[in-house]
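Engineer: First the structure, then my questions, so here it is.
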């Protein structure tokens, strides 16, 4: 690996300090650190644009929490570059490597001794009339939800063109297995092992209590048509990118062509991470 991209929380002093040390460590090994220009200015360095990074990097290191990693994954998803997540945040389902483990993990990666978890992504589009007005890749989830003062949302749903139901709810979450421990979990959705290939539809506070989460095959295409008029409704992707929806908009969600490749610790298994992060067995 000759070039490694570094992503971090821009205004976090701790991330800035760790990034500076990491840059020095990489340069001592004749590896070119690629830092996005805005963050690079905080480090007193020159950088590259975020659009250039996917074509230049052989690997990426993310310093922060899951939100920072998810943002990097959407940027890099089209290239399937391995991403090493270092947890400097709080929960850290995806950034499972600790700061103490950073340099041993990097040494292992440079030596080719690392394990990669291939994570399914989603492609979400919004159609308005005959036009596609919004298109994005998603690692965790695509969420349709109402604004603070909006009433219940009516959404017609189809799977592979077949009518499923018309949801009356505060919103709807369409998630990947990776996203099952995110918003989906808070809405009483199932925890899905990240190695599985599937989509999950989870209603948010449905008006009908028999509307339960549904797990679909990975090849399924979920189509949602917004029926509600004059309501404040939004589509949010990974909790970071979104747009306001209008009555009649059609949202299509399907498996994306590319995946996110996460570098995982060989010393930890998924169930250990799950047990630790969710504090199972504690009183």
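Just so it is clear, glycine is given a Cβ too, placed from its N, Cα and C backbone atoms.
Source: prediction; values computed, not measured.
When I checked Swiss-Prot for this same protein, it listed these features:
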- 66, 67, 140, 141, 151, 168, 170, 181, 182, 183, 184, 185, 186, 240: NAD(+) binding site (BINDING)
- 66: active site, proton acceptor (ACT_SITE)
Engineer: Give me the non-local Cβ neighbours of residue 140 (NAD(+) binding site): same chain, 6+ apart in sequence, Cβ-Cβ under 8 Å, ordered along the sequence.
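Structural biologist: Result: 70, 175, 176, 178, 179, 182, 183, 238, 239.
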Engineer: Taking 66, 67, 140, 141, 151, 168, 170, 181, 182, 183, 184, 185, 186, 240 as the record's NAD(+)-binding set, what's the max Cα pairwise distance in Å, rounded to a whole number?
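Structural biologist: 31 Å is the greatest Cα spacing among the residues binding NAD(+).
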Engineer: List the same-chain residues at least 6 positions away in sequence whose Cβ sits under 8 Å from the Cβ of residue 184 (NAD(+) binding site), in sequence order, or say none.
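Structural biologist: In sequence order, 141, 173, 175, 190, 200, 202, 213 meet the Cβ cut-off.
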Engineer: What is the number of other Cβ atoms found within 10 Å of the Cβ of residue 151 (NAD(+) binding site)?
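Structural biologist: So the Cβ neighbour count for residue 151 (NAD(+) binding site) comes to 13.
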Engineer: Which of 66, 170 has the fewest nearby Cβ atoms, counting only those within 10 Å, among these binding-site residues?
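Structural biologist: 170, out of the binding-site residues 66, 170, has the fewest neighbouring Cβ atoms within 10 Å.
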